[in-house]
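> Just lifted these from TrEMBL, have a look:
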- C:9-112: domain 'Dihydrodipicolinate reductase N-terminal' (DOMAIN)
- C:Gly14, C:Ala15, C:Gly16, C:Gly17, C:Arg18, C:Met19, C:Gly82, C:Ala83, C:Thr84, C:Ala109, C:Pro110, C:Asn111, C:Phe112: NAD(+) binding site (BINDING)
- C:Arg41: NADP(+) binding site (BINDING)
- C:115-251: domain 'Dihydrodipicolinate reductase C-terminal' (DOMAIN)
- C:His139: active site, proton donor/acceptor (ACT_SITE)
- C:His140, C:Gly149, C:Thr150: (S)-2,3,4,5-tetrahydrodipicolinate binding site (BINDING)
- C:Lys143: active site, proton donor (ACT_SITE)
Protein chains: 4
Amino acid sequence: MRPVSEQTRVAVLGAGGRMGAAVCDAVRGAADLELVAALHRTDAVSDAVAAGASVAVDFTVPGVTEANVHALVDAGVHAVVGATGWTGESLDRVREHLDGAPGVSVLVAPNFALGAVLAMSFAAQAARWFESAEVVELHHPDKVDAPSGTARHTAAAIAGARAAAGLGVMPDATASGLEGARGADVDGVRVHSVRLRGLVAHEEILLGNPGEQLTVRHDSFDRTSFMPGVLLAVRQAASRPGLTVGLEHLLGLG
Amino acid sequence: MRPVSEQTRVAVLGAGGRMGAAVCDAVRGAADLELVAALHRTDAVSDAVAAGASVAVDFTVPGVTEANVHALVDAGVHAVVGATGWTGESLDRVREHLDGAPGVSVLVAPNFALGAVLAMSFAAQAARWFESAEVVELHHPDKVDAPSGTARHTAAAIAGARAAAGLGVMPDATASGLEGARGADVDGVRVHSVRLRGLVAHEEILLGNPGEQLTVRHDSFDRTSFMPGVLLAVRQAASRPGLTVGLEHLLGLG
Amino acid sequence: MRPVSEQTRVAVLGAGGRMGAAVCDAVRGAADLELVAALHRTDAVSDAVAAGASVAVDFTVPGVTEANVHALVDAGVHAVVGATGWTGESLDRVREHLDGAPGVSVLVAPNFALGAVLAMSFAAQAARWFESAEVVELHHPDKVDAPSGTARHTAAAIAGARAAAGLGVMPDATASGLEGARGADVDGVRVHSVRLRGLVAHEEILLGNPGEQLTVRHDSFDRTSFMPGVLLAVRQAASRPGLTVGLEHLLGLG
Amino acid sequence: MRPVSEQTRVAVLGAGGRMGAAVCDAVRGAADLELVAALHRTDAVSDAVAAGASVAVDFTVPGVTEANVHALVDAGVHAVVGATGWTGESLDRVREHLDGAPGVSVLVAPNFALGAVLAMSFAAQAARWFESAEVVELHHPDKVDAPSGTARHTAAAIAGARAAAGLGVMPDATASGLEGARGADVDGVRVHSVRLRGLVAHEEILLGNPGEQLTVRHDSFDRTSFMPGVLLAVRQAASRPGLTVGLEHLLGLG
């Protein structure tokens, strides 16, 4: 066991939620991290500062998270943020705030599953080399939106890579059939949403050329899959000042 | 090598087409079969009879195949028919004709790939035991219809099995999103069509229950995949008088 | 809601184990079943009888389960048995006992996941139609045996179906390489065991012919996947006197 | 159509082989390339020079290819080399030769399928982030070695990435079972070889973490899959002087 002095002191905001509780467990289970505060929604962010946290993980809710981050930056505490609902404007406000707080870091990530982030990166790296590319996402049937946000981001990344490489429209001779068979159109990339009892969250990217197919698939079986990404962000917080959006920047990918 | 007397004498109608030519090759390569006539579209069916064929394989075209079959039945030659375009009425006419031709057999099959036929049978056998079921079919991008006929048949078979077992509507909480994301609706079963350069013809049936998934997938890489089914039909022709629709009846499935 | 009088009275033996506890939950959640006794290992089987159970589900341990079943048969209570460790001899003893207990039923099943049972049945139905067949099973890395019992049963079923159909050895030109690359040999069928953190229990059966592949895959994500099979066995217990080994006989498969 | 003056003049060595013939077709089909010489094994390399080729594609055989490359370098013709049998020493000799031939390029690639090269790169990028990693390769049953060279390279790349990241041995509690079930061991990475009639060349890389799986799969359906990679190498030949080993360097990957 490492001496206490080497441990990074971590606070968790939104510790009462399912993700927050999982983060608390993960921090407790990591020998190089110490959980110094597990705050619920109604607790003050200053409690994290008072507890001596050097990094705070925020898994609260859209209406609260932005104020939390600004309070943390003011106190010189690095923030790792998993809450959804961030817009370009709210990110701009954090970026500006960080300009006046040298050395402090904020990481905002829509997805902490390493595998999902890698899959999206691989899709973007591969897209320019293939004639065809489609996305199939598969989720439990209680999901209310289709396609998933991850699949839309992936399709948009594929479309961007194709455009940058000067690729045109994908081949598709479909002339007749049933409505919806060819899926949703996201920037010219077809996305198909399967809803199946028993599933959690899965995504498959299919790329095709004459005589070959490349497939990248990510399966999320439960929320423990997010913990390695959260801990990675906590550990890199001190060495990555400023605003970082997306876990992919921590993975040293191409 | 077996003595000639044991070989079944086979004629191929539509031998100039790609499927017909492949059938000729397959018959030539089978020790228990003898190719006695390879007829083109403009040849008379009577040439097959004159050549002493006991079974004729017809891979001609919709406008011609029905007349061919009636001529074969009149001559007492068993028919194995792969041409598309058969309706319920044309099948009824053949069934009636066969009533007056005891011992003669006609098999009409929309698909001769054993794997595809098995996949459809398995989907139908499994469907009543699962809460959710969807179909994903994947083809080359030059295909003009979506979904494929095979996928539509498979979805209809799933829907039929669910109805027979008293299952209701599948769970699906989708409330927002993009048009087409959830695929086409075939009798309440969702069907998704992927079009990808490099592919040939592929179908995946996904079935889900709490905590488990069952997947049946068939890949057709080229038309040689149809030959084992064609030869099976030729070999069983003499022992299966009357009209048979669908290769599944030759496979002894549940 | 059905009247109470129509409910089947169910006892669970081994209710303190993880499977037993899940069965208790599943019975409680079923409108047509009533949980009348949840017995731990040290409780007497007579408590289930005293509670008026008409069906008892036994998820105890190898050393106990056989005596439980004989006590249940003596009392005229149907038994659904999920415990492992049954041999041909212990099954014979139950069969004999049931000869003198008309109307009483015992079902012993090594696997209650409907999807796994269907996958194995489909493998056996399809095997005779393909030149090649192999099995890949994938599990969490804490599993101590390789291959899994399910994969061995599946491979043996494939080998049996091939032998019954007169098929010979599968094609395999492998002449050089690394030891173990071609997997384990189960009656001539190759079985490959993948061990991967994050997985639970998965099996894939691959069948190949010229130009086509048929794949059947089952994924078990957690033990809730066994509950539909257990409830099905409970519901059919009264109508299936005698000994039944294997859930497949309750599914009306070919 | 571009003016002739912009076309790159290409010679093909080994044009009588199946790969060489496919390259000839691919060059003929590319508007920006002109096929100026299609040489058979017995033709002199000087014929390519005499025909004014600026790039030569060599798909000859191990005993011939090295001498071809040196002759091409002497003549100032760029070489794209797909022949196997290159050793570290033969590559060193070419590298030395190129030191004295500024501006001339040689690309030697063991695999020209873009998808296969991408799959291997993705495996190497992802490996350091996962607890478990295994490789499954699937080929037609006429293949004589197991595992495939590509799978061995992929496994070695995974092992290298794990070692560089300081990862230890993968979790595996296997204590009993059948010989070979856990596959071949390549630097601590398990590799499984499936042989199935109907398949061509396929590779699947499986990576696992708690709660998640990442899968990268490449399917080669026929040798047309190598042509985009060959043409890419031809087009980049003039701008990439010196020796390049492996197509991945042309893809701008991480």
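Each Cβ is built from the backbone N, Cα and C atoms, and glycine gets one as well.
Note that the structure is a prediction, hence the values are computed from the model and not measured.
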> In this structure, which of the binding-site residues C:Thr84, C:Thr150 has the fewest other Cβ atoms within 10 Å of its Cβ?
C:Thr84
> Any idea what the Cα distance is from C:Gly16 (NAD(+) binding site) over to C:Arg41 (NADP(+) binding site), rounded to a whole Å?
8
> Please give me the CB contact count at 10 A for C:Gly14 (NAD(+) binding site), counting all chains in the structure.
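For C:Gly14 (NAD(+) binding site), the count of other Cβ atoms within 10 Å is 25.
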> Please compare the binding-site residues C:Gly82, C:Pro110, C:Gly149 by how many other CB atoms fall within 10 Å of each one's CB, and tell me which has the fewest.
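Across C:Gly82, C:Pro110, C:Gly149, these binding-site residues, the one with fewest Cβ atoms within 10 Å is C:Gly149.
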> Quick one: among the recorded positions C:Arg18, C:Arg41, C:His139, C:His140, C:Lys143, which has the most Cβ atoms sitting within 10 Å of its own Cβ?
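Of C:Arg18, C:Arg41, C:His139, C:His140, C:Lys143, the one with the most crowded Cβ is C:His139.
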> Among the recorded positions C:Arg41, C:Thr84, C:His139, C:Lys143, say which ones reach under 8 Å of chain D by Cβ distance, listed as they appear in sequence.
C:Lys143
> In Å, how long is the longest CA to CA span across C:Gly14, C:Ala15, C:Gly16, C:Gly17, C:Arg18, C:Met19, C:Gly82, C:Ala83, C:Thr84, C:Ala109, C:Pro110, C:Asn111, C:Phe112, which the record gives as the NAD(+) binders?
20
> Compared by Cα position, which of the recorded positions C:Arg41, C:His139, C:His140 is the closest one to C:Arg18 (NAD(+) binding site)?
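Closest recorded candidate to C:Arg18 (NAD(+) binding site) by Cα: C:Arg41.
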> Would you mind listing, in sequence order, the residues at least six apart from C:Phe112 (NAD(+) binding site) in the same chain with a Cβ closer than 8 Å to its Cβ?
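Looking at Cβ-Cβ distances below 8 Å from C:Phe112 (NAD(+) binding site), excluding near sequence neighbours, one finds C:Gly82, C:Phe226, C:Met227, C:Gly229, C:Val230, C:Ala233, C:Leu247.
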> Quick check: which same-chain residues outside C:His140, C:Gly149, C:Thr150 lie with their CB within 8 A of the centre of the (S)-2,3,4,5-tetrahydrodipicolinate site CB atoms?
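Sorted by sequence, the hits are C:Glu137, C:His139, C:Lys143, C:Asp145, C:Pro147, C:Ser148, C:Ala151, C:Ala201, C:Glu203.
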> With every protein chain in view, how many other Cβ atoms are within 10 Å of the Cβ of C:Gly16 (NAD(+) binding site)?
17
> How does the model score the domain 'Dihydrodipicolinate reductase C-terminal' (C:115-251) in terms of mean pLDDT?
96
> Which of these recorded positions is closest to C:Arg41 (NADP(+) binding site) if you go by CA atoms: C:Pro110, C:His139, C:His140, C:Lys143, C:Thr150?
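Closest by Cα distance to C:Arg41 (NADP(+) binding site) among the recorded positions C:Pro110, C:His139, C:His140, C:Lys143, C:Thr150: C:Pro110.
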> Going by DSSP, how much of the domain 'Dihydrodipicolinate reductase C-terminal' (C:115-251) is helix, how much is strand and how much is coil, in residues?
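Within the domain 'Dihydrodipicolinate reductase C-terminal' (C:115-251) the tally stands at 50 helix, 44 strand, 43 coil.
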> Reduce the DSSP letter at C:Arg18 (NAD(+) binding site) to three states and note it down.
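DSSP assigns C:Arg18 (NAD(+) binding site) to helix.
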> What's the CA to CA span in angstrom from C:His140 ((S)-2,3,4,5-tetrahydrodipicolinate binding site) over to C:Gly14 (NAD(+) binding site)?
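Spelling it out, the Cα of C:His140 ((S)-2,3,4,5-tetrahydrodipicolinate binding site) and the Cα of C:Gly14 (NAD(+) binding site) are 25 Å apart.
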